[in-house]
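Have a look at the structure below before the remarks.
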């Protein structure tokens, strides 16, 4: 029995090491493989599953589809239904029609994230019916949480709104229902996201009682699971890649957009074409499918989804998302910056080893794959230009001022006690760290040695 138990633990540690090895940060390695480019435009209405461009992260919870798009539902603690794109865009426009989930401490997330941890976020909080949050991170830097902005909106948890992220080499702009809400210029003091990004969406419990106080406050309070189910809706997603080609790669480790190479295409090479595509798709027309040869899916993928007639700018359709990476992180240690995957509580060692870090005077928790959520309350000052919000409503006094993201990785069942979560403590370190992989490997070697003592 002892041998079996140790062997099982050893295998899970090895699995964790291998899982971490699959994630390659181009700023830390010059051997990262190119990522698949979209290189085209499409509109997905999710009337028959996730469609050809998205894939489930296979977390607990349910993702249902129908005439009203997707429903991502948490039925119990540790659920974290979430999905991601099977392509990347290099500058582009993403429109999502969504409705956030109701429920104190429940976070509905939709965001873009790159392999070197640039990130652009849209988040809603189930206990705040008056606001949504825009946020961004640069190269996984979570030393401060002053990039987030809170914006008034009417009924984001009951009504569907169209949220737009327009990302160019010069600025990032968030819009809601046709009105510009916030703009971040490329030369802002906090830095600028400029590397190929995938799309993530999901719902998770930031208010799980095992999370750190800062995370719970940010999410809006302790989650009451007796009020489940919690459901976020996503009716449609329109994506237009501003670059062309079959795949994107990093030519050096600078992380600048000028270092990105487009195989068979050009960075920013289809901006004008994308604008035409967007107009057609929003008006219910199809777009030229010739670009779809650049898509990671079969050439028919774009033609099938782009022919969908739903207008992504319509505020009447639902849409919702999640932290990739955002899976619910019931333990603040299980949350990781928007890379979407995970459940509300602490995962077992078979999933990943989480690293506790400190940034300034705030303790944060990150995973090796992404940024982190705040673990102690902090005041944020939104950078960038904020416009008057569409459908303004009184701001909720209960809204937290801590702004940040989420996410965690892993599939295994969470441990029952926060004290059981594996962690390694470091200081003055932010962004994705590779300690998890090293920790898992050392643990594996130690266990193997123990077996033969």
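Glycine is no exception: its Cβ is also placed from the backbone N, Cα and C atoms.
Per Swiss-Prot, the features are as follows:
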- 119: active site, nucleophile (ACT_SITE)
- 123, 204, 215: chitin binding site (BINDING)
- 123: active site, proton donor (ACT_SITE)
- 290: N-linked glycosylation site (CARBOHYD)
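A map of Swiss-Prot features onto the structure.
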residue	record	CB count, 10 Å
119	active site, nucleophile	27
123	chitin binding site	29
204	chitin binding site	44
215	chitin binding site	32
Request  = Look up residue 215 (chitin binding site) in the DSSP assignment and report helix, strand or coil.
outcome  = helix
Secondary-structure category, per DSSP, in which residue 204 (chitin binding site) falls = strand
Remark   = Record-listed chitin binders 123, 204, 215 have a maximum CA to CA distance, in Å, of 14
Remark   = Students should find that the Cα atoms of the residue listed as 'active site, nucleophile' and residue 215 (chitin binding site) sit apart, in Å rounded to an integer, by 19
